[in-house]
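K.L.:
A single structure is presented below for examination.
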Amino acid sequence: MFYAHFVLSKRGPLAKIWLAAHWDKKLTKAHVFECNLESSVESIISPKVKMALRTSGHLLLGVVRIYHRKAKYLLADCNEAFIKIKMAFRPGVVDLPEENREAAYNAITLPEEFHDFDQPLPDLDDIDVAQQFSLNQSRVEEITMREEVGNISILQENDFGDFGMDDREIMREGSAFEDDDMLASTGASNLLLEPEQSTSNLNEKINHLEYEDQYKDDNFGEGNDGGILDDKLISNNDGGIFDDPPALSEAGVMLPEQPAHDDMDEDDNVSMGGPDSPDSVDPVEPMPTMTDQTTLVPNEEEAFALEPIDITVKETKAKRKRKLIVDSVKELDSKTIRAQLSDYSDIVTTLDLAPPTKKLMMWKETGGVEKLFSLPAQPLWNNRLLKLFTRCLTPLVPEDLRKRRKGGEADNLDEFLKEFENPEVPREDQQQQHQQRDVIDEPILEEPSRLQESMETSRTNLDESAMPPPPPQGVKRKAGQIDPEPMIPPQQAEQMEIPPVELPPEEPPNICQLIPELELLPEKEKEKEKEKEDDEEEEDEDASGGDQDQEERRWNKRTQQMLHGLQRALAKTGAESISLLELCRNTNRKQAAAKFYSFLVLKKQQAIELTQEEPYSDIIATPGPRFHII
């Protein structure tokens, strides 16, 4: 594209054109009218910078679209103007005359209504006040509690008067003070009055008897059936029914302020025909003045009182006083602020970056102990192959070895592991092998020339299978323990003279025996590993790339030694192929794995060709195209 970005940018000269070509809906009417098509077309035909043919074509398309929009808007405006002109000058429309061009005042003005504020109020009789108040008035039955009263004489009397006169008529018969039962009945008629008021009630009854004896035969009323008028209204000779009642003695009404000794004086002035009651003779204790005992009913025996209502005070939860908490420390000193600024442990975390390469990421995922001991070196996607691999990871210990291990018959752990690693060795010959090993280990110090070469194969079967410490260290350890002039018993001297022919050479000659380089390859590797460990201890600051280079160099040396050994073996024996099973005979697992890996590296470099007839069978190596070149 031969154009600069500023030409088609948002504020460029051709921005509207480019937008119209690609996003026509984004343009507004104002953008269309602001766009100058003449200058735009000139800038497209003769641009200041070079533009591609495709870009100029897009810009011309935008010009066409903007021109189309302008023509469309112009046509719409013309149509609207034409319609308005046509509606304004349509035929049949007559102009208004001069006098009708202005609207009437009443037609455009709202009428104003002024109310008469001097109007008299309506009459109160016209307003139904009772009906209005009855709406908010409840019935008595709804707002009043029902009173449950016991056996009262009000319901039993049908005569004139609201109160019964049973006790008073009994006193008129003159038998009121003959028995003490009258006092008990009088006290029983009152429900809530205390028994100490019996004396005052008796005095009141006596005063009523004296007052009513004057009107015993005035023939007013029905005799004993006297009512309230008999007691109150007709109580004076001079007054009529509607006159004010005469002033009664103070003994008629019990007042709380009146002391008790006044009643005692009135009791002494009264003389009755019958015997005096014991209450009137004995001195009466002064009764405490209580405002609650005041009553305005003339006859207290006929009055009743409601039972007290049990008022239970609701326990309100006491409001807890809100305690204002004020921070004692109002300012932070400079030491605290400096400590907070210097402490950045809460915002710093350990750096955990992902490995830079996929290979390192895979090593990190599968480099743990749990992965190394449960997964193969290569990823197996098939579950059946993975099961076949994991089945060999947990070998079963033979039953006799397990019993011997539990019974403590094995001398040490190394001996137990040797027996476990070499189950093909007959159990009957183990004692003889121990004796032979003792015979072999001791004369190595004195005659290492012939005896060591003859017994190397047997020591490989027993010692290297369990991965014991290297022979030079064992020799040094035994040399330190043995005296410079060892005393050899005669039995051991006889065993030393046994020729090596008596050892069981039942196995066929091995390739490692023909070529000592293949046999000494693991020992050389051990020595190199020791040297490498010493170098690693001295150089702890090497990078991971250097470690990988050292590992690759080590594998290259091991592969070179394996290749030279195979070349010499094929040259000496004249064979066309070498068996891996034959090569790994009498070696431990680590040595066999190293040889197998060397085979794979040589196969990758096309030095040898590997064939295998079936899974888990022997691998045959034949010379490859680069067998003699590398």
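Easy rule for this one: first residue shown is 1, then count along the chain.
Cβ from N, Cα, C; glycine included.
Residues annotated as compositional bias 'Low complexity' in Swiss-Prot: 271-285. Per Swiss-Prot, the feature compositional bias 'Basic and acidic residues' maps to 423-440, 521-531. Taken from Swiss-Prot, the feature compositional bias 'Polar residues' applies to 451-460. Summarising the annotation, Swiss-Prot assigns compositional bias 'Acidic residues' to 532-550. Under the heading SUMO2 cross-link, Swiss-Prot lists LYS48, LYS216, LYS418. Swiss-Prot lists SER46, SER153, SER175, SER249, SER454, SER544 with the feature phosphoserine, giving similarity to another entry as the kind of evidence. Residues annotated as phosphothreonine in Swiss-Prot, with similarity to another entry given as evidence: THR394, THR622. Residues or ranges marked as region 'Required for interaction with SMARCA5' in Swiss-Prot (evidence: similarity to another entry): 126-282. If you look up Swiss-Prot, you'll see 154-171 marked as region 'Interaction with NIPBL', on the strength of similarity to another entry. The region 'Disordered' annotation in Swiss-Prot covers 258-285, 423-488, 516-557. Residues or ranges marked as region 'Interaction with WAPL and PDS5B' in Swiss-Prot (evidence: similarity to another entry): 287-403. The region 'Interaction with STAG1' annotation in Swiss-Prot covers 362-403 and is backed by similarity to another entry.
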K.L.:
Do me a favour and check the Cα-Cα span between SER46 (phosphoserine) and THR394 (phosphothreonine); whole Å is fine.
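P.N.:
If we compare the Cα positions of SER46 (phosphoserine) and THR394 (phosphothreonine), the gap is 85 Å.
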K.L.:
For the C-alpha pair, I'd like the distance in angstrom between THR622 (phosphothreonine) and LYS48 (SUMO2 cross-link), rounded off.
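P.N.:
Checking the Cα atoms of THR622 (phosphothreonine) and LYS48 (SUMO2 cross-link) gives a distance of 75 Å.
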K.L.:
For a quick check of packing: other C-beta atoms within 10 Å of the C-beta of THR622 (phosphothreonine), how many?
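P.N.:
Excluding its own Cβ, the number within 10 Å is 14.
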K.L.:
Can you work out the mean pLDDT of the predicted model over the region 'Interaction with NIPBL' (154-171)?
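P.N.:
Summing pLDDT over the region 'Interaction with NIPBL' (154-171) and dividing by its length gives 50.
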K.L.:
DSSP helix, strand and coil counts for the region 'Interaction with STAG1' (362-403)?
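P.N.:
The counts are 23 helix, 0 strand, 19 coil.
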K.L.:
Cα of LYS48 (SUMO2 cross-link) to Cα of THR394 (phosphothreonine): how many Å, rounded?
P.N.:
82
K.L.:
If H, G and I count as helix, E and B as strand, and all else as coil, what does DSSP give for THR622 (phosphothreonine)?
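P.N.:
It is in a strand.
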K.L.:
Enumerate same-chain residues with a sequence separation of six or more from THR394 (phosphothreonine) and a Cβ-Cβ distance below 8 A; give 'none' if the list is empty.
P.N.:
none
